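Residues or ranges marked as N6-(pyridoxal phosphate)lysine by TrEMBL: Lys36. The active site, proton acceptor feature in TrEMBL is assigned to Lys36, Tyr258. Taken from TrEMBL, the feature substrate binding site applies to Arg132, Met306. According to TrEMBL, the domain 'Alanine racemase C-terminal' annotation covers 237-365.
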Amino acid sequence: MYRPTVAEIDLTAIRDNLRAIRAFTPLKTQVIGVVKGDAYGHGAVRVAAVLEQEQVRLLAVATPDEAVELREGGIMAEILVLGNSPADFVPYAVANNIALTTVNQATTMMYGAAAGSHTVRLHYNVDTGIGRAGVLADDATEEILCSATIPSVNIVGLYSHFACADSDPAFTALQTTRFAAVIREVRAGGLQPAMVHLANSAGLLSSPGVMLDGVRPGILLYGCPPVPAPTCSVRPVLALRTVLEIVKELPAGHGIGYGRTFITERPTRMALIPIGYADGYLRGLSNKAHAIVRGRFAPVVGRVSMDVCALDVTDIPAAVPGDRVTLIGEQDGLSVTAQELAELMGTISYEVLTGISKRVPRVYIDKSP
Ligand SMILES: *Cc1c(COP(=O)(O)O)cnc(C)c1O
């Protein structure tokens, strides 16, 4: 590693966040560890290994390849693939304790046929209002009960996903009611899925009454609550850091960066830092974000370019090349959160975190024994 730009991942924070979530959920409710999207940019295998050590029994990923990555990385816990899987993945899934998501009878038949003489474990996804994958709640009971008779499949789970748990409690309650009806009818029809699960991070925080057999927190594990969470105290896991590379005096009236979108109004000390949009420090942060240098906030001035961007350190006279810079995270008692950067760009912390590119080495810190 020759370039000083890194994402520090505090695995102790993952452990503590998991504990906080468990303390918040009923005893009978399993916490399913959502590690899709390379664990929201934190590194799926490393995060999964910690969750597994902490007795998380089910990990959720989005794609079959993400499941393979976990297995090849030595992760043993059961995995649920939330997205679609092709037939030729089924033998691997069967042999490697990977459960798949099904959404209708046709898909269930495809999985059953591909499993052959083995049995593939399936979770049925019910669309209670998100309008993406999943069988529509109105059709769900019949589809699920018919699917259950298909050879070589075992429907071990039923789940649904909230559309707006962070913003619309009434709709969230409606989805909950619809899902409860499907569960009731499926059970009345003679199928007893071992695990029914519904709530994502915002759902479990905003409707703690609906945690069922399992909850699927993602962003909350990474310490970025999507809604205020005064009673479930988590902290950010990731810090994005670099160092000042070049510190240079510019006269008043001098442009900084492509497009000269920032013109100095005074003699200015510009500090160049080796991070840009190819690292996931996005161009939308140009002239908006600030970073922490020597206990002060230094504004990003001019456009963020692919590999570098500039800070104004005029008001931080002690700043010199080599000084530590924090773009996301805490330093010197100050903090910048992924959520704050997201708001500057009109997006969400998820996109900021998953956008940190593979050019940025992940450095792991684990203070636990
Ligand atoms: C991503 C995802 C989650 C986790 O969502 P968060 O908002 O990060 O908690 C849960 N369930 C499903 C189906 C998902 O796709």
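Placement of Cβ uses the backbone N, Cα and C atoms for every residue, glycine included.
Just so you know, TrEMBL annotations never went through curation; they're auto-generated.
Sequence-distant contacts of Met306 (substrate binding site), defined as residues of its own chain at least six apart whose C-beta falls under 8 angstroms from its C-beta, comprise Gly276, Tyr277, Ala278. Annotation for Lys36 (N6-(pyridoxal phosphate)lysine): spatial neighbours Ala44, Ala60, Val61, Ala62, Thr63, Glu66, Leu82, Gly218, criterion Cβ-Cβ under 8 Å with sequence separation of six or more. Annotation: Tyr258 carries the greatest number of neighbouring Cβ atoms among the recorded positions Arg132, Tyr258 [cut-off 10 Å, Cβ to Cβ].
Across the structure, Tyr258 (active site, proton acceptor) and Arg132 (substrate binding site) place their CA atoms 40 angstrom apart.
Averaged across the domain 'Alanine racemase C-terminal' (237-365), the predicted model reaches a pLDDT of 98. Helix first, then strand, then coil: DSSP counts for the domain 'Alanine racemase C-terminal' (237-365) stand at 23 helix, 50 strand, 56 coil.
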